[in-house]
């Protein structure tokens, strides 16, 4: 660990002592870094902190110019893992664990020395927040999007609107519910829902829905969206005309990349017209494909629900002679659901995702590997993401209402390809194809996603009252934070084919490279 990464732990307050209510802060330092504050002394140059190590560790005086060196030495001693070379004088050899070898026919004994192996000096940082002072909320490890002391709206004068856009996703109702709850705690009386996405701003006959705690109290018990969803919408100028006519002060947009792009366009148009409107988004995508976000709501539920389909495919395949279970999961441009579902189920033999190219035919193709699996195991289970293998199919120039390219159905293609292949080689194969797409989307959020929705919905309101606009509320590097919409819509987040998680998936399935 670099010293620069740890320096934040030793910033001092200009106060003469640390307030009693921040004693937890000192304890955190002791637990995480092994040092406790004794006192602070004022200096004409800069405030300092004297720290004393817990028993068995050297004292550190931060007025000593060599304190960094002493700290690093102590750090290296304390956080170096016990090793067999502490006892035995041994020389290492190159690993036999290859991350890239073809395993269809047993692979070979050679290894591939690429950058995918962990260095012995790699460390995990315990504290990564940059905070203003030791007494700020961030310094106490409270996420930095906590309520601000100063707000920029008069709650009783605010009209807030909520809109859900795009497709369905588990957790939509949880977010709506928490936005309403939090707005009411601030004192907002006028809260409305815009029905059926951006369409609700201009479609005749669609009226805004009054919302209150009483109205939304139990909507989280069901899947779908209480407000309804739709794709596409009117021109940005027409939507902002409607916002202006309705006298909306805060607009909360719950949606994916396309909806975020729309929210940013609305934000820019409001700025152009010098309207005091805060446009705040909440990232909704079952595919987990929004940049900089550790996770988006609905993803955990999708992975959990996918287990049902995978387990059914496994039972069908294992119960049949030369059984093959084929499951197609969501993931237009990102294979996170397929990868995580394959990892968590432990029943998948082949996982195919959009980010990793593959061949179906040939010596190292998928079909040859399926032959190998039927010969060795007697059955196999295959999981594919909907956007996988598009380079193997005829491209479609059609787009949906959101402007997304309509994908060719790779799941159906695989179904037909597998049947034809085994028929052509004269090997019986009993294929069962399962596509649980809409069953996964329509279900209620699980506990993990419900908690995430709760926090994101509350934080969106805190951001709006803090005066922010053109932002989205998400979780980044394990911390809840606000991010500019312009940054998160530049491209979809994708699985890194050289990432540890993908190679964990390869290790779990035992599949080759298919090249």
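Including glycine, each Cβ sits where the backbone N, Cα and C put it.
Per TrEMBL, ATP binding site is recorded for 167, 231, 232, 256, 257, 258, 259.
Residues or ranges marked as Mg(2+) binding site in TrEMBL: 257. Around residue 257 (ATP binding site), a 10 Å sphere centred on its CB holds 25 further CB atoms from the protein chains shown.
Annotation comment: TrEMBL describes 258 as site 'Important for substrate specificity'.
Sequence-distant contacts of residue 386 (substrate binding site), defined as residues of its own chain at least six apart whose C-beta falls under 8 angstroms from its C-beta, comprise 328, 329, 330, 331, 332, 407, 409, 410, 411, 437. Per TrEMBL, substrate binding site is recorded for 285, 286, 287, 330, 331, 332, 386, 438, 439, 440, 441.
According to TrEMBL, the active site, proton acceptor annotation covers 287. The 10 Å shell around the Cβ of residue 287 (substrate binding site) contains 28 further Cβ atoms across the protein chains shown.
Largest Cα-to-Cα span within the ATP-binding set 167, 231, 232, 256, 257, 258, 259: 12 Å. Taking the C-alpha positions, the distance from residue 232 (ATP binding site) to residue 287 (substrate binding site) comes to 19 Å.
With a cut-off of 8 Å between CB atoms and residues at least 6 apart in sequence, the same chain places 165, 166, 197, 198, 253, 281, 284 near residue 259 (ATP binding site), listed in sequence order. Between residue 287 (substrate binding site) and residue 231 (ATP binding site), the C-alpha separation comes to 17 Å.
Residue 441 (substrate binding site) counts 19 other C-beta atoms within 10 Å of its own C-beta, drawing on all protein chains shown. Here the C-alpha separation of residue 441 (substrate binding site) and residue 167 (ATP binding site) works out to 8 Å. Of the recorded residues, residue 439 (substrate binding site) and residue 258 (ATP binding site) place their C-alpha atoms 23 Å from one another. Calculated from their C-alpha atoms, the gap between residue 167 (ATP binding site) and residue 285 (substrate binding site) amounts to 9 Å.
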